[in-house]
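S.K.: What Swiss-Prot lists as topological domain 'Cytoplasmic' is 1-302, and the listing cites a curator's inference. Feature annotation from Swiss-Prot assigns domain 'PPM-type phosphatase' to 9-238. Sequence annotations record features per position, and here Swiss-Prot assigns Mn(2+) 1 binding site to 38, 39 based on experimental evidence. Residues annotated as Mn(2+) 3 binding site in Swiss-Prot: 118, 160, 191. Per Swiss-Prot, phosphothreonine is recorded for 137, 141, 174, 290, and the stated evidence type is experimental evidence. The transmembrane segment feature in Swiss-Prot is assigned to 303-323; the stated evidence is sequence analysis. Under the heading topological domain 'Extracellular', Swiss-Prot lists 324-514, citing a curator's inference as support.
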C-alpha cells in the first residue's frame, strides 16, 4: 500500500475593519507554517510587535522541519519576544506594545501548536467545529470559575482584557502536539472575527469547499458584524495530494499592503467609507458647443441647494448624537480616563474628549470625577496609567472597546479591582547623621591580671621609699602613657547584617500610594 503524503492547501486574508485607523494584525501562511499575530499598543506599536514575532517564526517554513516541533516553536517564540524587548530598549516610546500569537508547524501527519493571547485556533473535522486554543483573557477566567457562561462571555464588556501576551517580558506560551488527518480544516483567526461572529456562523463559512472563498466569506461576515477591530484569518486544509502549495502568503501589517474588501452596506460600512474617501478632481476640457449645456432655473437650483443643506445638517446632527453617546476607557495625559466620543479625528478636529477620570481613595476605593475637577485639590489619587500592570496598561493605551457610559464605568471598576499594581511600601527609617549604628558583636573577655584585686603585683605591695625623691608609680608615666593591659584571648563572633532588597520601583512593580 502506497504511503499517503499529507500536505497543506491554504489561504489567508486580513482587513483593517471599519473602526480602526490601521491594521495591527500580521499573518504568515506557508507549506509548513501557519502563524497569526494580533498586535496591541496603539499607534504603530502593535504593528511593530506583530511583525517582529512573525519575522522570528518565518524561518520555520522550510522544506522538512522534522525533529522536535514544539522545541522549534518555543525557540522561535522566545526569539520574537526578545526582539520586542530589544526594540523597546531602542525606542522607549514603544513600551507597552505586545502581540498575541497562534501558530501551527506542520510535518506530515503531526503538527505542533503554540498559543498565547486571545487569537484562536479551530479544527473542523467530520463536520464538527472545535476550538483548539484557550483564550488568555480575564473573561475566560470567569468562565473557568463558573461565574459566567460562554454565551455571556461572548458579549462581556471586558472580553478584550488579555492576561498573557508577548510584550518583551518573560512569559510561557502554551505548546501542544496534535495529529493531522486528511480532510481536516484548520482556522486561525484574530478576535476581530471571533468577537462579532458566532461559532455557528463561522462553521457555515468553513463548510465552503474552496479555502480562498471560505476565508473571503469569514472576513465579509466580520465586516457585516460591524468590523469593530482588525480581522485576520488563515484557512488551511490537510489533503493527501503529492504536491501542496509552496508559495507563502503574507497579509496584514507584515505585508505592507492595506487589503480592504468592498465595504458592506451597513451603518458602520458607510461611516468607514466616509472617513476613507479621497476626492479626485478631474480636469474636463471646455466643450466647443457651450450653447448645448442645460440651464437650470433659479427655483430648481434653490431647491437643490436647500435639500443638500438639510441633508448635511441632518447628517451632522445624527453623527454628533452618535459620537456624544459613545464612551470608552483610554489613557489621557497619563491618567486612566473615560473618553466621550470615538477615537480619531476628522478634518483635523478631535472626535473625543475626556469625560470622567478614575480616582482612588487612601482605602483604594474608586470614584469618578469630572475632568474639570482634576485640576483642583482632591482627597483621592488620580488613577494613573503607570498604576496598572503592563498587559492592562497596553490595553488602556490602545483604548478599550467602546460602549455606553455604564459600560465604560464598569471597565474602570474592573481595572481598579483586578489590574492595579500593589501599593509601594513606605520608605524605611534611616539613622540620624553623625550617629552610626554600633556593630553587632558577641564577645567573651577575661579581665587582665593587673586589674584583679585577688592577685596584687609584687611591685605595688612594697612600701614606698622615704626621702626627698618623690615616688614614681610603676603603672603610669607622665611622659609616655602606659600601653593598655594585654587581655586574655578574646572570642569574637561578628554578625553581618544582610543587605536590604532593592526598593520597589513605582510604575514597574508597585504604584504610588493614594
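A Cβ is built for glycine as well, from the same backbone N, Cα and C atoms used for every other residue.
Each of these features: where is it, how hidden is it, and who are its neighbours?
M.R.: As a whole-number mean, the pLDDT of the topological domain 'Cytoplasmic' (1-302) in this prediction is 84.
According to DSSP, residue 38 (Mn(2+) 1 binding site) is assigned to a strand segment. Residue 38 (Mn(2+) 1 binding site) is surrounded by 31 other CB atoms, counting those within 10 A of its CB over all protein chains shown.
Long-range Cβ contacts of residue 118 (Mn(2+) 3 binding site) within its own chain (separation 6+, distance under 8 Å): 38, 100, 135, 136, 137, 160, 162, 191.
The local packing around residue 141 (phosphothreonine), expressed as other Cβ atoms within 10 Å of its Cβ over all shown chains, amounts to 15.
Close to residue 174 (phosphothreonine) in the fold, though at least 6 residues off in sequence, lie 114, 115, 116, 133, 134, each with a CB less than 8 Å from its CB.
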S.K.: Could you tell me which three-state DSSP class residue 160 (Mn(2+) 3 binding site) falls into?
M.R.: coil
S.K.: Near residue 160 (Mn(2+) 3 binding site), how many other Cβ atoms are within 10 Å of its Cβ?
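M.R.: That number is 21.
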S.K.: Using a Cβ-Cβ cut-off under 8 angstroms and a sequence gap of six or more, which residues of the chain neighbour residue 39 (Mn(2+) 1 binding site)?
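M.R.: Residue 39 (Mn(2+) 1 binding site) has long-range Cβ partners 24, 25, 26, 45, 46, 47, 48, 49, 50, 51, 97, 98, 99, 253.
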S.K.: I need the most crowded of these recorded positions: 137, 191. Count other C-beta atoms within 10 angstroms of each C-beta and give me the top one.
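M.R.: Per the Cβ count within 10 Å, the most buried is 191.
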S.K.: Beyond 118, 160, 191, what residues of that chain have CB atoms within 8 A of the centre of the Mn(2+) 3 site's CB atoms?
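M.R.: Checked against the 8 Å cutoff, the neighbours are 38, 100, 117, 119, 135, 137, 159, 162, 190, 194, 195, 229.
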